[in-house]
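Written out below as structure tokens is the structure these notes cover.
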Amino acid sequence: MKKIFLIIASLLVTCAAVAKPGDLLKSMPVQDGGRIKPYDSFAKEMLEIVYGKTKFEGRNATEIVLTWMLSPQAWEGKKIFEVRNHQVLQAMNLPKDQRYFNGEELFANERFTLLRQELQAKRETKEKLDPYFQALQRLENQFFVFQEIAAGRMLKVAPPKEGDTWLAVADLPEHLQAKFLDVTKAFVTYLGVIAEKGDSSVSGKALDEAVAAFETAAQAENPALYSLGGKITAEVHYNSFHPFRWAYVFYFLAFLVLLLVWALSKESLMTAAWVLLGIGFALNTYGFGLRMYIMDRAPVSNMYETVVWVAWGTVLFAAILEIIYKYRLILVAGTLVAAFGLVIADFAPAVLDPSLQPLEPVLRSNYWLTIHVMTITISYAAFFLAFGLGDLGLIYYLRGEEKHQAQIKAITTSIYRAMQIGVAFLAPGIILGGIWADYSWGRFWGWDPKETWALIALLGYLAVLHARYAGMLKHFGMVVTAVITFSLVIMAWYGVNFVLGAGLHSYGFGAGGVEYVSAFVAAHMLLVVYVSVIRQGRGKKATKES
Amino acid sequence: MDKTSAPQKSLFKRINKPLASLKLAVFIIVALAVITAVGTFVEARYDAYAAKKLVYDTWYMYGIMGLLVINLTAVMADRWPWKKRHAAFVLAHIGIIILLAGSLLTWKWGLDGSMRVGIGEANNFVQTAETDIVVYTSFDGDRYTKTLEQEVDFFKNPPTVEKPFIIPAYEGEIRIVDYKKYVVPSKKVIEGEVGKAGSGLRFQLQNDNVNVIEWLVQKKPGNLVSHNFGPAQIFMGPAPEKPRGANEIFLTPEKDGLRYVVFQKDSDKPLKKGFVKEGDVFDPGFKMALNFRVLRFLPAAREDWDLQDSSRPTPLTTSAVKIIFDGKENWVLLNDMVKLFTTNSVYLLTYGNRRIDLGFNLKLKKFEVARYQGTMRAAAYESLVEVPDFGEYLISMNEPLKYKGLTIYQASFQEEDGRPVASIFSINHDPGRFLKYLGSLVLSLGIVLLMWFKHLDFKLARKTGAGTKES
């Protein structure tokens, strides 16, 4: 493991060496959300909260967020606050077809004060917040974040002499204040040059120097708390390199090549497909390793991280099964669902939070957590693969089962195998969860919704395997159940957090994406019904003719 | 298995066949999945306790579990005598039975409770989810004897006016006539019985900076009760001869008003004396200009609850029962008590979670919370506890104390004004633990072996080979 980190670290050093002038600001350490992170991550997360995206009008968050503080008045008329919830828009008397608003429209509105009181009253009853109140909470948070950054109270840039709460820009002692002023001056000049599309190397260098001077001064305050170590650089590199984006690009390319191999029987392209797949897999692994290195833990603690892990597992299982069976279509399904998963993770940050967060107390420093979560989620990878295969199977049934007997048989065998792999991981994974729960809470099983839904998913697949064994499910039945039973996994994986929202953790979660996920599940159900109807129609026709 | 002896073997197999059927197995698995799924929705809408009472702890859940055990046993008996190739299959299925047996032991004889220990304090009582009604009786108002202790499950079997829960008393009977699952309680004061109840006073203290409105209610006539509002302390009850050296107002109830005595800090002599009635205002004469107003005075008063119904539980709700005794109604909240009087006797009734005496004291010597830097987010918390014959032990998240067959886990903590005040432990005793681990091991082994044993696929190929023609 250490070797991997060493390789990563040396890679980073090379990356840092080629960084362009003006980039040093990105890796300036900032304290936020319970950890030290580069200013780059801080800015992205803040812009994300306010605007819902990590870029504004094509400009990087690092450029935007600092200017909130330097010239708040310049932002007065800009529409940077995102409001998505229709109910909230209605309550604020705002046009429903608009999504972005300026501060004046939202916070000077007297309705805002009323709604805040309504939210406060709701909080006092300590009831669960429904999507409307969660949206109100977000609005309040957007207001708070913008105000606090503009006032210089949110950006904490220097360690204190005592204690561990860092000093915000507004609270800096005089000598640091002066150094920070140099940074902002150099920053403004640098932005000016960029805006005029001039050569930014000189002003960039000046900015880097100012940042370096500030960092030296800040470090002198409390060297133990202030680190400019490899993790900060690694995080900036992780932010800019976007390994998972590259991974799905390669998975998708591999998918396209495999499609040619499969559909047109061009076996000669198989090497190319394996190479593309290998690169994608390496990038997926690399990104995973980076997150692990930055946070010092296995990155499987939230939805985003598990999606990445599942995509990785899907490709792995698909490759193994492909090597054994050489059906070709296993890899087609595997690369497709893996790319799909990573694309979703990349494009839905409101639902799948990609930011790096410290763990809840109960999850900290316990290897059982890692083992049991990784075992359970890797089983989802196998079921995800079965799901992708099921989709392919449905397409074959649409195209005519008589002609594609061989393919359908290959698909059912693959589905059966994938489900077996899934069960072989999920059952021990649930048991490991029980052992962990027994070890840390004294109860082996507690009917907690998360663990219960993992069990329901397991029962679902066990039912399928038993029904297949009993002859209750034929080929078509396997294809259909591979698609339908995956809904249980979606429920266990996503639904428990977002739909049920049970337990105290519901506070932090959004209800984001429910409509899309439901539509995804419903569309597949409809597809299954459609294919069944078509198939039955053909069956009747065939019997009439014969 | 003795029935399998030669002549009856075929008969046994014939009876056993439907019980060992795979179709039954599929039905059981699906039924289990559906029931537990419903349970999670109940939990999301209400809480874990409701889900346990309405779904997981019910005859149909146990019925399905029982059927599962029968099916598993039958399916293994069906393959008797076992051969080597059956190993994976038998392990996987016996594992489940062992696991369920372990759960049964836990359910029957296990302990699952919680304990709150204030910092620097000790506790020897574990609180569990079961609810009990306890009645103490006294004939002199001083010495009480326990006259009833009974488990009640009002959540499942709520009492009503038509079917009340009746507790016989020395004189008459106490009837529990109503139960509310989720109520938000707030205190109110109503008129009590003259001679038995103490007095009640609602007062207001007011100046430019202060505006305090409070109730003071004596539990018994002549009791001393107080309200401390920082610069001064307000007492209702008999005034002492000498002050204690602080700013104090004593109000002694009389028939139609209160006699008051004011003491000022560092002075031995009363600052002021007088008599006030309901609606009166006086200035106690402290350096800060204050007005003391008697908003309401009840010579005989008692406290009662105003209950607001809630359709779902929240951290603010509790449950409550309504009792009728001697023609009078009373609401009793969960883990609260009520005193009932007749001319000759006093009854003290408590309705609350069962408290089990551990037989030793758990002392909380120190409690610490580590926070993520620069935030109030807890990163970790730990309790330094002391138990007899063992000494000190540091319990932290995921690092429990195992002592006298109990496992004491750090579950949570209580905070007031951003400072921890008490640690909450979960206390467990699990007699089924060994079987659960054994069952898990056997089951996992079986599942992994099933992957390697090809016989399953052969059989499948045989069956579906015939089946594909129809499909």
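Placed from the backbone N, Cα and C atoms, the Cβ positions cover glycine too.
Annotated features, as they stand in TrEMBL:
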type	residues	note
DOMAIN	A:301-500	domain 'Cytochrome c assembly protein'
SIGNAL	A:1-19	signal peptide
TRANSMEM	A:246-265	transmembrane segment
TRANSMEM	A:272-294	transmembrane segment
TRANSMEM	A:306-324	transmembrane segment
TRANSMEM	A:329-351	transmembrane segment
TRANSMEM	A:371-398	transmembrane segment
TRANSMEM	A:418-437	transmembrane segment
TRANSMEM	A:452-469	transmembrane segment
TRANSMEM	A:476-496	transmembrane segment
TRANSMEM	A:516-534	transmembrane segment
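Here the transmembrane segment (A:329-351) has long-range neighbours at 48, 52, 54, 244-245, 247-248, 251-252, 254-255, 258-259, 262, 273, 277, 280, 284, 303-304, 307-308, 310-312, 314-315, 317-319, 321-322, 384-385, 387-389, 391-392, 407, 410-411, 414, 498, 510, 512-513, 516, meaning same-chain residues at least 6 beyond its ends whose C-beta is under 8 angstroms from one of its own. Same-chain neighbours of the transmembrane segment (A:306-324): 244, 247-248, 251, 277, 280-281, 284-285, 287-288, 299-300, 330-331, 333-335, 337-339, 341-342, 344-345, 352, 373-374, 377-378, 380-382, 384-385, 388, 414, 417-418, 421, 493, counting only residues six or more beyond its ends whose CB sits under 8 Å from a CB of the stretch.
Long-range Cβ contacts of the transmembrane segment (A:246-265) within its own chain (Cβ-Cβ under 8 Å, at least 6 residues beyond either end) map to 272-273, 276-277, 279-281, 283-284, 287, 311, 315, 328-329, 331-332, 335-336, 338-339, 342-343, 346. For the domain 'Cytochrome c assembly protein' (A:301-500), the model gives a mean pLDDT of 88.
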